[in-house]
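Copied over from Swiss-Prot, here are the features:
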BINDING   ASP27, ASP29, ASP33, GLU38  Ca(2+) 1 binding site
BINDING   ASP63, ASP65, SER67, THR69, GLU74  Ca(2+) 2 binding site
BINDING   ASP103, ASN105, ASP107, TYR109, GLU114  Ca(2+) 3 binding site
BINDING   ASP139, ASN141, ASP143, ARG145, GLU150  Ca(2+) 4 binding site
DOMAIN    14-49  domain 'EF-hand 1'
DOMAIN    50-85  domain 'EF-hand 2'
DOMAIN    90-125  domain 'EF-hand 3'
DOMAIN    126-159  domain 'EF-hand 4'
MOD_RES   THR1  N-acetylthreonine
Amino acid sequence: TDQQAEARSYLSEEMIAEFKAAFDMFDADGGGDISVKELGTVMRMLGQTPTKEELDAIIEEVDEDGSGTIDFEEFLVMMVRQMKEDAKGKSEEELAECFRIFDRNMDGYIDAEELAEIFRASGEHVTDEEIESIMKDGDKNNDGRIDFDEFLKMMEGVQ
């Protein structure tokens, strides 16, 4: 399927080989599939930490025929999905750290003055008009300041 081709293109040959080795360890009968019960164990072995709820959701999505087993291609799709989720969570933590640094007075918001300070500190020359424009773009609820959710939305466009 398209999903399977996309999953393979996201991974290096080494990663695919590593995933295959882990998968094969649990494919006891060599039939080319593993049970959903074994799935969590394999994922943890490969450095993923899915919760019970995440595993249930993953299994529901991946085990389309309801057989209770997952083949290697379905497994690859699922691992890539999990890796992307983990990466997203990490970048959100990094953005939270940035937000705390920018929010000089620690009131939970970035105002125009704090935004201007950020640019000045980075050696970037920006006019008051540019600051105003950035504030207007980021301040979705028009309260004159940028909260964390607005900051995340702003940064999505940057990455």
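The backbone N, Cα and C atoms fix where each Cβ goes, glycine too.
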Binding-site residues near THR69 (Ca(2+) 2 binding site), in sequence order, restricted to ASP29, ASP33, GLU38 and a 10 Å Cα cut-off | ASP33, GLU38
Compute the C-alpha separation of GLU114 (Ca(2+) 3 binding site) from GLU74 (Ca(2+) 2 binding site), stating it in Å without decimals.
-> 48
Residues from the same chain, set at least six apart from the ends of the domain 'EF-hand 4' (126-159), whose C-beta lies under 8 A from its own = 91-92, 95-96, 98-99, 102, 108-112, 115-116, 119-120
Nearest to ASP103 (Ca(2+) 3 binding site) by Cα, among ASP27, ASP63, SER67, GLU74, GLU150 (binding-site residues)?
-> GLU150
Distance from ASP65 (Ca(2+) 2 binding site) back to ASN141 (Ca(2+) 4 binding site), taken between C-alpha atoms, in Å | 45
Tell me, how many other CB atoms lie within 10 A of the CB of TYR109 (Ca(2+) 3 binding site), whichever protein chain they belong to?
-> 19
So around the Ca(2+) 1 site, ASP27, ASP29, ASP33, GLU38 aside, which residues have their CB within 8 A of the centroid of those CB atoms?
-> PHE26, ALA28, GLY30, GLY31, GLY32, ILE34, SER35, THR69
Can you list the residues of the same chain, besides ASP139, ASN141, ASP143, ARG145, GLU150, whose Cβ falls within 8 Å of the Ca(2+) 4 site's Cβ centroid?
-> TYR109, GLY138, LYS140, ASN142, GLY144, ILE146, ASP147
Separation of alpha carbons, ASP143 (Ca(2+) 4 binding site) and ASP63 (Ca(2+) 2 binding site) (Å) | 47
Sort the residues of the domain 'EF-hand 4' (126-159) into helix, strand and coil with DSSP and give the three counts.
-> 20 helix, 1 strand, 13 coil
Fewest C-beta neighbours within 10 angstroms among the binding-site residues ASP27, GLU38, ASP107 belongs to ASP107
Taking the Cα atoms as reference points, how far is ARG145 (Ca(2+) 4 binding site) from TYR109 (Ca(2+) 3 binding site) in Å?
-> 6
Nearest to SER67 (Ca(2+) 2 binding site) by Cα, among ASP27, ASP33, GLU38, TYR109 (binding-site residues)?
-> ASP33
